[in-house]
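Some features that TrEMBL has for this protein:
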- 33-58: transmembrane segment (TRANSMEM)
- 79-100: transmembrane segment (TRANSMEM)
- 106-124: transmembrane segment (TRANSMEM)
- 153-365: domain 'Major facilitator superfamily (MFS) profile' (DOMAIN)
- 154-178: transmembrane segment (TRANSMEM)
- 190-208: transmembrane segment (TRANSMEM)
- 220-238: transmembrane segment (TRANSMEM)
- 244-264: transmembrane segment (TRANSMEM)
- 298-317: transmembrane segment (TRANSMEM)
- 333-354: transmembrane segment (TRANSMEM)
Amino acid sequence: MGRRRPWLLAGGVICALSLPLLFAPPTLSDSATIVWMAGALIVYSTGYAVFCVPYMAMPAEMTEDSHQRSVIMSWRVKAIAIGQLLAGAAGPALIVAFGGGRDGHAGMSMVMGILVLLAALVCFRMTRNARRLPRSTHRPGWRDQLGILRNSDFVWLLVAKLLQLTGVATSSAVIAFFMQRILKLSDAHLGFVFGASTIGIIVGAPIWTRISKHLGKHKTYLLAAAVHSLAGITWMFAQPGESLSILVLRSAILGVGSAGMLLIGQSLLPDVAAADAAKSGFAREGAFAGLYTTIEKVSYAIGIAAVGAFLQLNGYIPGVGPEIAQPESAMRALVWSVSIVPSVCALLAALAILRVRPELGRARA
């Protein structure tokens, strides 16, 4: 079974069970409900980590070819996008099909839980013949595990991931307010924005994989960041009542750029882990994947908190409808939050990626 595959199965089971806990809680007092939901979120987060750490660590073992790791990760990028698209479409439909309200959410969570479990089983089954490294006779202690923070390639990779996803979180947190307040569009248009972006990711992932084979990972990341940033900056010029075609086109291009950044960032992780193993003699793919996954979650928390503080500093009035006028400074902050801030974060992430050179570490080993 290998040392990682059982954890894929365990994580999938925990995640599947956590969905009914989150969406079908028992009827409790307000304080007890808060405790229940906190516990359910902990169960979900634990299951996600248990699955994701081996899932991200295994590509370093599957192949020694850097481009093949990009191919493997491109499937992950596409799968995430397809999952988001299906969940966004099927989730609300299932809630309605099961009668709405508590019953609707409970039914939806059961169906989604079954799908999560099936996905984990498929992943477990299809990796049965994957290349695996032999177990190390020497298990690295906690000091050895923490030694990954002395790996400059990994640190810069974390910085790039932190910057990129912080920008994504910043934009995602305010895009609904931006469309409502700035573009004067209804919430229905959000579906087109997210749908077009997701399709852009699905279409872009294989394209960037081919490009990286010819240009290399660093140049490909730079190009993807440029595409993402240029598309993001155009939000500054969006006007009220913008046509749906322009809205969809911009969102799709943003998705294409995001696909390249996600793909290259993730494919560099197994490269860094493999170079570290060659140099240190320790197989620490799990430690690399665990911290990388943690940074993904931290980035979103930072982005949401930062954009909230940014809007507050600029006088944004929370909790009021579109009929209440916001200060000009708050409106400007909204525009910056979906255009300049994410674009700058993407470009800074690209500069950080240039410092990630695992092939040099392998050569020194």
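We count from 1, first residue shown onward.
Glycine is no exception: its Cβ is also placed from the backbone N, Cα and C atoms.
Comparison of 33-58, 79-100, 154-178, 190-208 by number of C-beta pairs under 8 angstroms to the transmembrane segment (333-354) places 154-178 first. Note: the stretches the transmembrane segment (79-100) and the transmembrane segment (106-124) are in contact (3+ CB pairs below 8 A, sequence gap of 6 or more).
Confidence over the domain 'Major facilitator superfamily (MFS) profile' (153-365), given as mean pLDDT on the 0 to 100 scale, stands at 89.
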